[in-house]
Structure formats: C-alpha cells, structure tokens
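Here's the structure, in structure tokens; my notes come after.
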Amino acid sequence: MAELPIPDLPPARCSGRFTISTLLAMEEGGRGPYTPTEGSSCDSVQPTHLSSSTLCTRTFGYNTVDVVPAYEHYANSKGVGDPRKGRPSLADLHSILKPDPGRLRTPVSDLQQSNGLPEAGPEAGLEEAEGEPGKDSVPEPVRFGWVKGVMIRCMLNIWGVILYLRLPWITAQAGIALTWLIILMSVTVTTITGLSISAISTNGKVKSGGTYFLISRSLGPELGGSIGLIFAFANAVAVAMHTVGFAETVRDLLQEHNSLIVDPTNDIRIIGVITVTVLLGISLAGMEWEAKAQILFFLVILVSFINYLVGTVIPATAEKQAKGFFSYRADIFAQNFVPNWRGPEGSFFGLFSIFFPSATGILAGANISGDLKDPAVAIPKGTLMAIFWTTMSYLVLSATIGACVVRDASGSLNDSVAMGSPGCEGLACSFGWNFTACTQQQSCRYGLSNYYQSMSMVSGFGPLITAGIFGATLSSALACLVSAPKVFQCLCKDQLYPLIGFFGKGYGRNSEPIRGYMLTYVIAIGFILIAELNAIAPIISNFFLCSYALINFSCFHASITNSPGWRPSFRYYSKWTALFGAAVSVVIMFLLTWWAALIAFGIVIFLLGYVLYKKPDVNWGSSVQASSYNMALSYSVGLSEVDEHIKNYRPQCLVLTGPPNFRPALVDFVGTFTKNLSLMLCGNVLIGPRKQKMTESQLMADGHTKWLMKRKIKAFYTDVVAEDLRSGVQMLIQAAGLGKMRPNILVLGYKRNWRTASPQSLEDYVGILHDAFDFKYGVCLMRMKEGLNVSRVLQAHVNPMFEAAEHPENGTGSRAAPGTGDPTTLASEQQASTIFQSEQGKKTIDIYWLFDDGGLTLLIPYLLGRKKRWGKCKIRVFVGGQINRMDEERKAIVSLLSKFRLGFHEVHILPDINQKPRPEHIKRFDELIAPFRLNDGFKDEATVNEMRQGCPWKISDEEVDKNRAKSLRQVRLNEILLDYSRDAALIAITPPIGRKGRCPSSLYMAWLETLSQDLRPPIILTRGNQENVLTFYCQ
C-alpha cells in the first residue's frame, strides 16, 4: 500500500477520488483542487458519496492512493461524456510518483462520482444531470421485467395451433398415459435447456443478441456465429409458418361461408401478406407496442382456455352427444387411457415428432435479452415459469378432453338408441348412442380420432377457440418477427461474416434494427408466397433443436473446463444433465426428420469452417479457450512423466531472432522444419535499464506474436531484459520452455560484422556458443550472403550485439523505433519475402557431415526436405575419407544412412580434404587474423597473459602455430564448398569447435568466416551436443 505523510490540514470532506496530481500538489506545498475548506469534516452528518480514495483517514487510518472496490473498475463501458474511472496502476502504487500531464487536470464530474457504494441515493445523480446546462437528456429505453418480457413471451411462443388442433387427436391415438409421457419427454428436453440457459445467462452481464449471444460468448465465435445465422433465418421463416397457419384458418372460415377471395391457395397468400405487414407495423412501432399486442394475445388465449374448461362441465346437448361429447365419464377416461394406434402416423415416435414442436419456443424471452431490465434474473425465472405453466396446460387439456369425448362418433342425431339395444357395440351404447356402423366402416367424421376441432366442439362458445387459434398463431409470428432481427443485429455487429454489417445499425432509444426487420419481412413474404411449408417446417424445427443442443453443450463445456470465470449465480443445474439434454436434442433431430437434421448439421459445419478459416479477431473468453488451456496443461504434465527416447527426439529450437520481424529468413528457416513437429521459441534480449525496457517488453510482446501468426509461423515469442546480450541469452537458455517442452538447439544468425564490432561484443557472441554447449544444447548458425537483418528496410533499430556494423551509430541500449513495438503496426506491416518461402525446384541440399555430432547435421536437412517447397531437392552427403579407401568408406556411410532410413542415397567421399590450400587463400586467412594477433614473439605463457590482459580476444603466436593445421583445414574446406556446392539450394556443414579458454574468440570467428565466405546459397553451420538424435533400433 502506498503510504503518504499526512500534512497538517483541517479534516477534509470525502468528496472525490484522490488522484496522483493531488498528491503532487500536496507534496509541493500547494493547495490543489482537493484542498479542504474551513469547517468541512469527515464526521459530517450530511449524506455524501463515499469516495474511492480521499484525504480522510477513516477507512485505512492513513493517506493512500489505493482505492476501495468499485463497480466502475470492472465495467467495460461508461456513460456518454463520463470520464473513465479506474483503479491506480501498479506503477502508481509501487513506483516513485511523477507528474503525468494527462492526469494533472481532474474533471469536476470525476470528483463527484461515487465508488459504487451510494449513500445519497439515485436522486442525487438525477439532480446533477438535470442541473447541467446545455446537456440534452437521453430518453431511457423501454425495459421489461420477467413477466412481460420473458414468461408471457415464452408462453405465447410455446402455445400454438398444435395445442388446439392436434393435442386431442394425439390423446386419441396414444391414450392419456402415453400422451402424458410424450408431453413429459418433450418438456424434459426444454426444461434441461431452460436450466442451461439460466446458468449461462447468470454468468456475467447479458447484452442483446439472445441465443446467439449466449452461445457465442460461451463456445466462441465459430459455433456461435453459425448458430446465430441459422437461428435468425429459422425465426424469419417461422414468421411465415405461423402466418400461413393463421391464413389457413381464416381461409377455412371463408370456405365454410362460401366467401373465398380468389381461390384457396391465393387466399392464403393474400391474407398472409396483409397479416405479416400488420405485424411488421406493430414491431416497428416499438417494443412497447409489441409487448402490448402480446398481452392482448395472451388474454385471448386465456379466455379460450377458460371457455374450454367451462364447456367440459356444461351438460352435453344432443348435438354435442352425437359428435361424441358426454361430459366427464369414468369409463370414457378408462377407455381413452390406453392407446389405439391408427393410420401411417400411428406410432409413439410418430406422434412425438408431431407434438414436440409445440414444446419449443422457450428462447423467445432470451432472444430479446437486450430489452430486459435484468436479464440475469428475468431469463431464468421467466423461462422456467413459462415451461411449468404451459406443461400444466398441456397435461390438463389432455386429461380433460380424454375424459369427455369418445374416439368415434357419427355426428348424426338419428343414431340415438335406447340403452342396451341389441347389435350396438362400443362405449357410446351405454349413453344411448349407436356409432357401430361408422366405426366398423371407419367413416366416422367426429370423435377424438377423427375431428381436429374437438376443442371447439366441447367449449362453451366455439368462436372463442377460433380466437385462441388466432392469438396463438399471431403471437408466435410476432415473437419470431422480433427475435430474428434482434439476434441478427448482434451477429452483424460482431462482423463474423461479410456483407451483413449493413443490417446491424440500430435506431431510436432501443436501438431497433429497422433494417433487420425489413430483411425478416422480405424473407417471410417470400415463404408466405410459396403457401406450402410442409417441406421447410422440419428444417426449422431442427434448427431450433440444434440451438438447444448447443446451449446445453455450452453449459456442459463451461462446467467441465473448470474455468475460474464460470461462476453462474443460478445453481440449479448439472453439467451431466446438460450433456444429456444436448445428446437427446440431437437424437430428436434425427427422429423428427433425418434428412432435415443432416441439412442442419451440414449448414452448421459449413459456417463453422468459414469462421475457422477467417479467424475473426475477437476474444470473448469462451469455454473453448479454457478447454484448450486444460488440454495443454494436462498433456504438458503428462509429458513430464514420459522418459525421453531417441526415436522421439525432436529439434526444439530457441531462435535468437531479436524482434522476429528483423530477421524473417531465420524465422522462416526454423519455422519450416519445426512446423507441426516441434517447439520453436523466438528469443529477444532487450538491453538497457530494467525500468525502461520492461515497458517496451510489454508493448512489443503482443505485436511480435501477431506478426508470427500473420506469417503463419507456429512459434512462441519471449523476451528478457538484461544488462548485456550474453547474460540475457543465458537467462533464455536456462529458463525457456516448460517441462519436456524445452529447447535443445540454439539457433542464431552469423555475426557478419565481427571484425569491426566492439571486441566485447565479439567475446559475448562466441561466449554464447560456449554457454550453449555448457548447457548441452546443439548449436545452429545461419549465414546468408545478403545478411539476415532487414531492420534497415523497416527503419527500425537493431540489437547492437547483432550486426551493429550496419548501424554504427547505435552504441549501448536497444531502443525500438517509434511504432516498432505497436501490436497493430507490427501485425499490419508488409511481410518481407525470403528464400525459404519459395519453391526450390530440382536443386540440391548438400550436407557436409565432417564430424559425428550425434546426427543433428543430417536430421535438420532431412526434415527440411520433407516439406513441399524443398521436396524436389536432391540431398547429397559429403564425408571426409582417404583416397586409397574410398569405396570401403563410401559403402560404410551408405550402409549407415540406410539404417537411419533417411532416404539419402547420393554419398560423396572427399579424399582431398587434407590437401594444402592454394597460397592466395592461405594469405587471405593470415590477413584476416592479422589485426587480432598479439605478436608476442613466442614469449612464455606468463608474459603472454600479461600482454593479453584486458584483451582476451587477441591471438598469441603460439596459438596461431598450434592451430595452424586446423586453420588450413577451414581454408581447404571453403575451396571444396566452392567447387562442389556453388549452385546448391542449401549447404549444411558441421563446424569446428573452439576449445573454451584455449581458442581466442577472434580465431574461432576467423575459422567460421573462412569456412563460409564467398558462398551464394544459405549455409547452415550445425553442431549437435554429441548425443545421438538418430537411431536404427526399434526400441
């Protein structure tokens, strides 16, 4: 906690946030904007806002810049015109306070804000807003509670024409017992889904977008986007379905009275278009009018229910008895309790597929989540209550009509007979009616099994049932007409798919998606004009079921990942129940219509693939991200328990790239052979003061990672802050990686400027190679004729220890150029092309396996040759040998390589490797080391050490003489490389090792320079750690 001395000031009133500028003003002895006035006191009884941090010491007992917890510190959004309030940064608390020009002036409104624990009540803020001159008051959008916004809306969407026209018929077919089972099975799926919706919607603040918002923020944009698009489309087509259902009922009434407008089909189109246009007008009038219309429909349906229930207790007239209605009878209930299958649809699952769509519609409330006062409370409460009451209505309707109406009736008043008349069969005989003839001939027109309008016949007043059908169809159409644009608007704003952003614009205080309404209207009109939706209806049901499956899976997935962010306030759910609900939803999809289920899955997979390919730049903290972390952690820990084996050796590379965009060729080379195979870690050493470089490190890391992703390099980026290059690399070598996922090869660029660079940088560079060998790393140096560093092209600074000669003005610290560390700039900059990104054709990869380093010199070119761009290259292996044993040595190497199964068949023996080089090349080497020679005249070791004190890179005459043969070998090897590999695509060679403490750094660099100079192709100097990386054994 950052403490400050308490000055001798009068007690201050807690009236605002304590900012750093205030502290500075106090320390300087001035009286800033927070200076207390006379007579003000913390003990004042007047109501005040509790400040986040004030001069008062009552909260903590001392002055501090720390703040108490507040809502504003965690909210993503702020009011229009309000300054963003936040807690002090770690630097504010931990570092020495310094003036910040951006924070010296604290807006007055900030001083008047509470920390989220109000004492003055909401009226205070309202009075302040009204008192501000020139500020227009923004009207509050309409918000609904759980009853009007969710429960009534869901109940209206669940109730539909099946309730009125098909449930009595299903009861006749399946019997009351199995009908209840069908209802309860359907409700089980919707209840489980309702519990999952409740859990997801209470795990954080829910915005507009409904089902799409819940799934996308839970499972990520891939599945969320695909479901959002098809769910919005399904709702748009559902508008047409419900409207056509209404139009068909009106058409039937017109037919009964011989009052058709044109013909039966065109009447449906005319009535449907007029109806959907009226519904659109209600929707465009605003959510408030739409909600009033829904309440009207709700009341109509309730009246129709009451009318039906009253009708069941009214004594049956002769006309109703002729149609099979006899009021409540125990024997009718007993007969209708068991099934009586009839017709092609007479099966349990056949009837289940017909009834199940009437249980859907539970998402109607969630789809307008942006228009709810408190979605986290309204969605669970309203959805579950809607499921409960609609379930009760289905059960009551099935039981009551099954206890009142027989299955078969003729409708003829002439069929009345005396009770007990001979030749009369069936239950109706005991009530004085003989329906035997029509039952045997299967020509009965009435009864539960034959007459769809049984509810209307039973009710006290038939037209009220017709009004209920109108209310059910129109309310469902209106709910879908509102849901589709709301879901689609959220999808458009997320910009997951192209060409749809136009429809995301909102208008008015509720941000109404008027363009989305018009699109939904056009789609609905298109399907209404078809006037035959029997083929498309199963697809829509499957789309809704697909949504249910994904909602349940979202709840299960979020629970199973154990993410700390999964903390729903709704506790009455189970992850295993959610998984069961998801599985059952998929099964029901195929039970309803298997081909429609396949179509739904096909569309989802196509849209999923598109989002996976485009990789939208969104981060919603989905459970898929949490699952990825869990899997990575589990596998990494599991890998630590596995012993290493040569067969499973992988070249895991720590690549000293500096900023990766500075050395793209080095990044591409390593990325080519490690992609989908092994670990690649790009390391960067930031040299300079830790305080300065830590900020730079935090800014740069994200940008470099994005640059690697854009270049499609599968690698990690890490950096360290150090006082010099060597100590930074030592940190990376020791600390990089995790468990068995640790680098075993150090890859770095060749230091071209070693002759002109500072001697200390030369010592550090060679010292890094020694450090790598000390830590049992393999080493891979890469040299290209044109160099590796492209920072001059990027107009940025380069790490001074790498190729500092190209930037001689850079002395000590590594200071990135303006914009270099900016993530957006790095990710969007033009990518430099390198030789490793192009097709190599039928060239050669030449391997000079001069020393047995364990096989690393062979392995890296082999892995490179497996890639498509290098696949046509022929790999040649060169080894040293004696001229009188060439055949034997060649056969031995070919035999060894065949055992390694590398596929290298072209082997060349170099018998002239020990020949003396040409004199001019020897002279060039001598001139190369001349500036670094001590010229001590072969003095004794003590004298030489005294002369070399302070310049350990100097080469004594004795060292030149002792290493003469080794030096000439490098000169000769360069001649051989120029002779054999001038036109190769790549050269891989085993470099010499300079003995630590015995070989000066300048002499070792002279060897590497001589070995690799004047070569056009890239040359890879690879040296393993002398442990096997290849084996020809099976175990």
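Just so it is clear, glycine is given a Cβ too, placed from its N, Cα and C backbone atoms.
Worth saying up front: this structure is predicted, and the values here are computed from it rather than measured.
Over in TrEMBL, the protein carries these features:
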| type | residues | note |
| --- | --- | --- |
| COMPBIAS | 37-48 | compositional bias 'Polar residues' |
| DOMAIN | 52-104 | domain 'Amino acid permease N-terminal' |
| DOMAIN | 149-654 | domain 'Amino acid permease/ SLC12A' |
| TRANSMEM | 177-203 | transmembrane segment |
| TRANSMEM | 223-247 | transmembrane segment |
| TRANSMEM | 268-287 | transmembrane segment |
| TRANSMEM | 293-314 | transmembrane segment |
| TRANSMEM | 348-366 | transmembrane segment |
| TRANSMEM | 386-406 | transmembrane segment |
| TRANSMEM | 461-484 | transmembrane segment |
| TRANSMEM | 514-531 | transmembrane segment |
| TRANSMEM | 543-560 | transmembrane segment |
| TRANSMEM | 580-613 | transmembrane segment |
| DOMAIN | 663-801 | domain 'SLC12A transporter C-terminal' |
| DOMAIN | 829-1034 | domain 'SLC12A transporter C-terminal' |
Does the transmembrane segment (223-247) reach the transmembrane segment (514-531), going by 3 or more CB pairs under 8 Å (6 or more apart in sequence)?
-> yes
Does the chain bring the transmembrane segment (348-366) near the transmembrane segment (514-531), so that three or more CB pairs sit under 8 Å (pairs 6 or more apart in sequence)?
-> no
Please work out whether the transmembrane segment (514-531) lies in contact with the transmembrane segment (268-287), by counting C-beta pairs under 8 angstroms that are 6 or more apart in sequence and asking whether there are at least 3.
-> yes
Take every residue in the domain 'Amino acid permease N-terminal' (52-104), average their pLDDT values, and give the whole-number result.
-> 55
The domain 'SLC12A transporter C-terminal' (663-801) resolves under DSSP into 63 helix, 28 strand, 48 coil
